[in-house]
Every structure is written in structure tokens, then in C-alpha cells.
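Novice: Can you keep this structure in mind? I'll have questions shortly.
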Amino acid sequence: TICTGADRPCAACCPCCPGTSCQGPESNGVVYCRNF
């Protein structure tokens, strides 16, 4: 599962996917929260 946090801080993005860690920002400026 990948949650994007383009319009908000990564800290606000990650809780929607338990077990994620913040990755990015990518070249498109989006911070992704990836579920391992």
C-alpha cells in the first residue's frame, strides 16, 4: 500500500497505513509512505 502526502506533511500521511515509513520526496515532489 502506498499513501501519498503531496499536500500535507509526511507525518500526517503515514498514519493511514500502519507499518509504513516515509520515503521521498520523489523527483515529482511527492512524499510516499510505503508499507513494508
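In case you wondered, yes, glycine gets a Cβ from its N, Cα and C as well.
Copied straight from Swiss-Prot:
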| type | residues | note |
| --- | --- | --- |
| SITE | Ile2 | site 'Important for the neurotoxic activity' |
| DISULFID | Cys3-Cys17 | disulfide bond |
| SITE | Arg8 | site 'Critical for the neurotoxic activity' |
| SITE | Pro9 | site 'Critical for the neurotoxic activity' |
| DISULFID | Cys10-Cys22 | disulfide bond |
| DISULFID | Cys13-Cys14 | disulfide bond |
| SITE | Cys13 | site 'Critical for the neurotoxic activity' |
| SITE | Cys14 | site 'Critical for the neurotoxic activity' |
| DISULFID | Cys16-Cys33 | disulfide bond |
| SITE | Val30 | site 'Important for the neurotoxic activity' |
| SITE | Tyr32 | site 'Critical for the neurotoxic activity' |
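Looking at the shown structure, can you explain where the listed features end up?
Specialist: For the recorded site, Cys22 (disulfide bond), the DSSP three-state label reads strand.
Around Cys33 (disulfide bond), a 10 Å sphere centred on its CB holds 23 further CB atoms from the protein chains shown.
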Novice: Per 10 Å Cβ neighbour count, which of the recorded positions Cys22, Val30, Tyr32 ranks highest?
Specialist: Tyr32
Novice: What does DSSP assign Cys33 (disulfide bond), in three states?
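Specialist: In three-state terms, Cys33 (disulfide bond) counts as strand.
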Novice: Cα-Cα separation of Val30 (site 'Important for the neurotoxic activity') and Cys22 (disulfide bond), in Å?
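Specialist: Rounded to a whole number, the Cα-Cα distance is 11 Å.
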Novice: Distance check, please: Cα of Cys22 (disulfide bond) against Cα of Cys33 (disulfide bond), rounded to an integer number of angstrom.
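Specialist: Counting only the Cα atoms, the answer is 4 Å.
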